[in-house]
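**Student:** To start, I am sharing the structure in question, which I have written as structure tokens.
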Amino acid sequence: MLRGQEERKYSIRKYSIGVVSVLAATMFVVSSHEAQASEKTSTNAAAQKETLNQPGEQGNAITSHQMQSGKQLDDMHKENGKSGTVTEGKDTLQSSKHQSTQNSKTIRTQNDNQVKQDSERQGSKQSHQNNATNNTERQNDQVQNTHHAERNGSQSTTSQSNDVDKSQPSIPAQKVIPNHDKAAPTSTTPPSNDKTAPKSTKAQDATTDKHPNQQDTHQPAHQIIDAKQDDTVRQSEQKPQVGDLSKHIDGQNSPEKPTDKNTDNKQLIKDALQAPKTRSTTNAAADAKKVRPLKANQVQPLNKYPVVFVHGFLGLVGDNAPALYPNYWGGNKFKVIEELRKQGYNVHQASVSAFGSNYDRAVELYYYIKGGRVDYGAAHAAKYGHERYGKTYKGIMPNWEPGKKVHLVGHSMGGQTIRLMEEFLRNGNKEEIAYHKAHGGEISPLFTGGHNNMVASITTLATPHNGSQAADKFGNTEAVRKIMFALNRFMGNKYSNIDLGLTQWGFKQLPNESYIDYIKRVSKSKIWTSDDNAAYDLTLDGSAKLNNMTSMNPNITYTTYTGVSSHTGPLGYENPDLGTFFLMATTSRIIGHDAREEWRKNDGVVPVISSLHPSNQPFVNVTNDEPATRRGIWQVKPIIQGWDHVDFIGVDFLDFKRKGAELANFYTGIINDLLRVEATESKGTQLKAS
């Protein structure tokens, strides 16, 4: 009997030790997984979640083993009861409970320490960890009465696992960002605790930066300034270097845009007109409201001041253009005058001499606007030997006087003509005033001066403000001049209705004059040896004289547009780009091989450095995304890459690269700027009145 009881006791101990050994091995495996998860915490965010979930998983594993061991103990208790040894089994169970209670407290303390370490490692995800820890503690509490016996052999193993965790470097402030977050640095709604947020902001700011070649030295939009008060004004009395050109070049804002070949060009033009450009300014919304297409019953034009377009050398417009001569403003790509009028703008194209000097053209422009018979001035006529009076203009604005202004837009030589006319209006012609005092008689109001506030803005397109080597080395040579004057002589026959602009020199056959007599008379004209013509005025010397004659008006907004259609060859010279108008290939190479490197880049006829601004007058660089409303200073727009001299007016019918929609956008943008000039002026008037 006693021997049987001893065997049963031995069996109970054997089973208890076996169960404890199994559970100890299980806890060792679980603790190993827990240590591995701790090592992965500092490098992988996904591993953090696994580490957070492991206490709960550990508890679940313990619970299953504890339930199995509990069942085995119950079976043993039943066997002991049947054999009469229940008392000893209970003693053993109570002893086991006492030990397991102490072990449970120790393990819970260790788990709490481990949770604190995990909480420190998580940083910004502490709240999530606390929730996971609380879940683990609740699971441990549920099984604390059943897993005590099995923990005896696992205490040392758990202690070793905690030692491994403590040996790992603690990184409480480091946050691991998932890869999908880094893939979107410009997200507008990043997490508040994401350290990539500042980078995202910088990335967004970088997208709004201006082109590196665009210098923004302007004052806030719509601010009226005087050139003398502008700290950013730079006098360009020193000749600009080649580096000065690169800062103007606008490669990003090239007008060329990818166009679907199947898209109707007329529809593109219509879209451009229906949705005029809106500049990216703080007042863009208010400005956009001022620019709207013509409504069905609208009679009042959208612009307050008429816009007058002035053609350049060789330009013929309106009824004065031959049948095969292209439409000067826009060609067949975009008929600028016609389309802008359809949109409700008051625009006009002036008709002045195609071969005349800037002086004669400026006088003609005045009478084109004001109306009346052209008076070139007694002093000027006597000095150069041509007739004083010319043709008579009807006038587009007979009441033109100070306070009633116009906008002037000139292409090529037209920009020079505009500047000289405005100078005469404001300061008069000293030679004519002196001649009038000495000889009496009549004097044109244009020459008396004192007519300020009659021009709101001056905009020049590819204008040779500083001249062109093409005129010096080609256009103003004796051979070319003879060809030009011979053409005028031929077109002056009595059967021709085309006026090339030299009638004041006698290039018009009289009604009763034979053609032979007409040829003899014209051959004696002083024009053959005179400098009072376009060929000379476009030279470097002729343009320099004009620059010295003109000054800046602090009440006028000045803007220039420049194109470049040349590239640097292997020897450092400029060659015409492919697609440059074929008639300008020779002149482009003449300019591109100039001895001065800064004078080589060109649009086929005009060097870039000449088109930017007059060399002796103040200027400031502006971007395409800001309103050009400053006064008393040349606002230099970024150079347009790939535009040659005639791309500004669209007459190159062989250039299929330049679309009518481009011209529509270009001229609509100019009109928008002119409307903003008017808005700025009205605002200034209201402020003065208040």
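Backbone N, Cα and C atoms are what each Cβ position is placed from, and that goes for glycine too.
Straight from Swiss-Prot, here's the annotation block:
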- 1-37: signal peptide (SIGNAL)
- 52-71: compositional bias 'Polar residues' (COMPBIAS)
- 52-266: region 'Disordered' (REGION)
- 72-81: compositional bias 'Basic and acidic residues' (COMPBIAS)
- 82-114: compositional bias 'Polar residues' (COMPBIAS)
- 124-171: compositional bias 'Polar residues' (COMPBIAS)
- 185-206: compositional bias 'Polar residues' (COMPBIAS)
- 225-237: compositional bias 'Basic and acidic residues' (COMPBIAS)
- 257-266: compositional bias 'Basic and acidic residues' (COMPBIAS)
- 311-690: region 'Hydrophobic' (REGION)
- Ser412: active site, nucleophile (ACT_SITE)
- Gly579, Asp644, Asp647, Asp652, Asp655: Ca(2+) binding site (BINDING)
- Asp603: active site, charge relay system (ACT_SITE)
- His645: active site, charge relay system (ACT_SITE)
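Situate these features within the shown structure.
**Tutor:** Over the region 'Hydrophobic' (311-690) the predicted model carries a mean pLDDT of 96.
Within the same chain, the residues at least 6 positions away from Ser412 (active site, nucleophile) whose Cβ sits under 8 Å from its Cβ are His311, Gly312, Phe313, Gly315, Leu461, Ala462, Thr463, Pro464, Val605, Val606, His645, listed in sequence order.
In the three-state DSSP reading, Asp644 (Ca(2+) binding site) counts as coil.
DSSP gives Asp603 (active site, charge relay system) a coil state; it is part of no helix or strand. Using a 10 Å Cβ-Cβ cutoff, Asp603 (active site, charge relay system) registers 35 neighbours.
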**Student:** Tell me, which binding-site residues from Gly579, Asp652, Asp655 are within 10 Å of Asp603 (active site, charge relay system) if we use the C-alpha atoms?
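**Tutor:** Within 10 Å of Asp603 (active site, charge relay system): none of them.
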**Student:** Ten-angstrom check, please: count other Cβ atoms within 10 Å of the Cβ of His645 (active site, charge relay system), all chains counted.
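**Tutor:** Looking across every protein chain shown, the total is 30.
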**Student:** Around Asp644 (Ca(2+) binding site), how many other CB atoms lie within 10 A of its CB?
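**Tutor:** Here the count is 27.
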**Student:** List nothing but the one residue from Asp647, Asp652, Asp655 whose Cβ has the fewest other Cβ atoms within 10 Å; the candidates are the binding-site residues.
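**Tutor:** Among the binding-site residues Asp647, Asp652, Asp655, the sparsest Cβ neighbourhood within 10 Å belongs to Asp655.
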**Student:** Please list, in sequence order, every residue of the chain apart from Gly579, Asp644, Asp647, Asp652, Asp655 whose Cβ lies within 8 Å of the Cβ centroid of the Ca(2+) site.
**Tutor:** Ser565, Thr580, Phe581, Trp643, Val646, Leu654, Lys657, Arg658
**Student:** Three states by DSSP: which one describes Ser412 (active site, nucleophile)?
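**Tutor:** Coil, per DSSP.
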